[in-house]
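S.K.: Annotation source TrEMBL lists transmembrane segment at B:35-57, B:99-122, B:134-154, B:160-177, B:212-239, B:259-282. For B:95-283, the entry in TrEMBL reads domain 'ABC transmembrane type-1'. Per TrEMBL, region 'Disordered' is recorded for B:293-312.
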Amino acid sequence: MRARRQSRSHRPLVRFLLRRLGALVLLLIGITLISFLLTQAVPGDAAIANLGQHPTEESIRAFNEKYGLDDPLPVQYVTYLGNLVQGDLGVSQQTHQPVVDDLSVSIPATAELAIFAIVFSTIFGVAFGVLAALRRDTAVDHGLRVFTLAGISVPMFWLGLLGLYLFFFKWGLLPGGGRLDPTTTPPTDVTGLNTVDALLDGNFATFWDAFKHLILPGAVLVLYSVSLISRYTRSAVLEVLHADYVRAARAKGLSEYTVVTRYILRAALPSIVTVMGLVFANVLAGAVLVENIFNWPGIGQYAYRSAVSLDLPAIMGVSIFIALVYVIVNLIVDLLYAVIDPRVRLS
Amino acid sequence: MSTTEAVLPPSRMRRFKRGGGAAAKPARAWWRAPTMLVGLTIAAIWVIVAIFGPLLAPHDPLAQEFAITQAPSGAHPFGTDELGRDILSRVIVAARNSLPLAVLLVVCAGGLGTALGVIAGYVGGWVDGVIMRLADLFSAFPAIVLAMVVTASLGPSTRNAVLALVTVTWPIYARVVRSLVLSIGQSEYVQAFRLHGASARRAMWKEILPNVVGPITVLATIYLADALLLLAGLSFLGLGTQPPTPEWGSMISVGTQYFQNWWMATFPGLAIFSAALAFNFIGDGLRDVFDPQSQVGSGARGSDPAAEEGDA
């Protein structure tokens with residue numbers, strides 16, 4: 001044990017990082033290939049999908065020529081990769097904007113929702129998980145178990161709809177979708193996150209409006225993530241709850257608060273970090289459904305609209321972006337994991 | 001990319017040996033877990049509803065009445081939809097569509113994942129490398145995103161929705177099975193079996209595979225809820241089962257357009273929720289039965305397969 005710890009210099013970390021980055025590049029090539037092949041499998045003609053029901057032959061030919069759809073497949077793929085490396089994802093056939101521009105507009109919207117969901121679900125999830133573990137097999141634990149199982153069983157899109165019906169339509173407490181009221185002037189674009197930008201402007205009314213719009217879609221995403229985090233935290237805490245060093249800490253007369261935060265949570269942290277990667281993926285996936293219900297102009301809605309309208313450059317762009325985020329988050333989780341838990345060997 | 005290492009720690013594996021005595025020494029008898037009982041009851045009700053649906057439905061699920069979007073009443077306990085069809089009957093009949101599809105999805109993805117996982121764990125070498133990198137690749141997309149792209153590309157239909165979800169969910173099973181095959185293959189009783197002159201193939205069929213079946217069954221139950229939610233999600237987006245076939249997800253989707261008629265979306269949603277909850281209750285209980293210490297992961301990383309499910 002001691003020998004291993006001594007041999008742990010920075011070198012394994014660097015080597016680990018390089019190997020993971022290499023794997024990441026391969027993975028990304030695979031992802032572009034998959035999304036490329038998938039979009040090629042489209043039996044429907046992209047030109048027809050975009051030009052309406054009865055396009056003329058000339059307009060089809062012009063369309064195909066414009067987007068290079070007549071080249072052989074490998075040529076199309078290489079062209080795409082070449083453009084991709086230069087940050088050019090092509091032009092969306094639906095919005096007639098570069099896909100990169102479309103993404104840069106919709107990413108902050110999703111980011112705001114995701115950050116809201118992740119922050120609140122982490123706070124409540126960890127609290128619930130610790131509580132359930134400390135009160136194991138009591139009514140509190142059973143209650144939280146039913147609650148978290150319900151949380152992962154609820155169809156998000158249905159919950160969102162129900163929330164809209166009650167809080168917007170019935171009681172008028174919360175806005176009915178979108179990021180801001182139509183009457184509210186958007187804040188100066190700094191981060192793209194309306195709540196943060198409004199605060200930077202010092203405009204509290206705008207902040208409140210943006211925040212109110214976040215509550216319902218955010219809560220729907222939070223419920224699911226809270227359940228995941230809580231279940232993982234409970235497991236992790238139970239694992240160390242009766243460890244000798246925890247008992248020793250208690251025997252020393254440390255307060256329950258210190259024991260829980262300094263000893264138990266510290267040991268449970270790697271598991272909590274691990275589940276964060278999963279939560280991130282679930283929030284991204286949930287965004288597709290939730291954004292569609294709340295008319296939230298994020299990447300989920302963009303992905304859905306481009307998929308339904310067979311907007312190939314947009315589909316590829318958005319799926320590559322989501323996969324990229326997903327892969328990078330997992331890399332960060334693995335790294336954090338190794339940093340937090342010295343027992344993990346980077347092999 | 002996912003973190004599933006094993007459903008059960010290897011120490012529990014012998015329990016599954018030869019199928020018998022799987023629940024030989026549960027820490028807590030399953031019937032004493034009320035959630036398990038509730039789950040089994042709800043699931044049983046849904047199975048009955050799915051089998052006898054057309055007999056139980058009070059109306060023809062496709063028959064249209066002149067008075068559309070009626071609020072719940074004695075004649076139509078769940079109200080009627082935008083074409084004047086009885087929602088209760090549609091919810092009931094949809095069960096025989098949604099539930100078998102979820103089972104089909106789990107069986108296909110589980111079968112494919114198990115086969116590839118066994119090959120990866122058993123053959124090893126570059127075959128293992130290729131299969132597991134493929135698994136990484138397909139789990140680099142959130143399931144619903146890739147499924148959305150696949151169904152949009154192939155055209156929206158029930159078959160394509162299942163196909164798409166099989167494509168994105170098989171890696172879950174492959175990872176678990178591979179690690180099981182690896183750990184069982186190295187276990188003493190398999191080594192002993194081989195020392196007695198059994199061929200590798202014989203060891204595979206007689207010792208390794210039977211031990212994989214148990215954990216995979218538990219995993220499949222847990223993922224049944226997930227499958228149901230994913231399928232409903234795709235249908236909700238208009239990429240799964242197409243109208244006029246009654247389907248829970250697409251009924252909710254129609255309900256979003258008739259927002260003020262709360263009953264149109266509420267009841268199909270309750271159906272999905274109750275069925276998914278039942279499967280999750282059962283899965284949660286099964287883990288307790290099979291592994292009383294299921295909270296304790298097998299490796300350094302936590303491996304709570306129930307908490308693992310997602311992407312819905």
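Each residue, glycine too, has its Cβ placed from N, Cα and C.
Predicted automatically and left uncurated, TrEMBL annotations should be read as such.
Could you tell me the structural context for the features on the list?
M.R.: Away from its own ends, the transmembrane segment (B:134-154) comes close to residues 1-2, 116, 160-161, 163-165, 167-172, 174-175, 230, 233-234, 237, 239-240, 311-312 of its chain (Cβ-Cβ under 8 Å, at least six residues beyond either end).
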S.K.: Would you mind listing the long-range same-chain contacts of the transmembrane segment (B:99-122), meaning Cβ under 8 Å and 6+ residues beyond its ends?
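M.R.: For the transmembrane segment (B:99-122), the sequence-distant neighbours (Cβ-Cβ under 8 Å, at least 6 residues beyond its ends) are 46-47, 50, 128, 131-132, 135, 158, 162, 165-166, 169-182, 185, 200, 204, 208-209, 212, 216, 219-220, 223-224, 227-228, 230-231, 241, 275.
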S.K.: Counting only residues 6+ away from its ends, which parts of the chain sit with a Cβ under 8 Å from the transmembrane segment (B:259-282)?
M.R.: 35-36, 38-43, 46, 69, 71-72, 78-79, 81-82, 87-88, 90-91, 94-95, 98-99, 221-222, 224-225, 228-229, 232, 248-249, 251-252, 306
S.K.: Against which stretches of its own chain does the transmembrane segment (B:160-177) lie, if we need a Cβ under 8 Å and a gap of at least six residues from its ends?
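M.R.: Contacts of the transmembrane segment (B:160-177) (Cβ under 8 Å, skipping residues fewer than 6 from its ends): 2, 4-7, 101, 104-105, 108-110, 112-114, 116-118, 120-121, 131-132, 134-136, 138-139, 141, 143, 146-148, 150-151, 154, 212, 215-216, 219-220, 223, 226-227, 230-231, 234-235, 239-241, 305, 308, 311.
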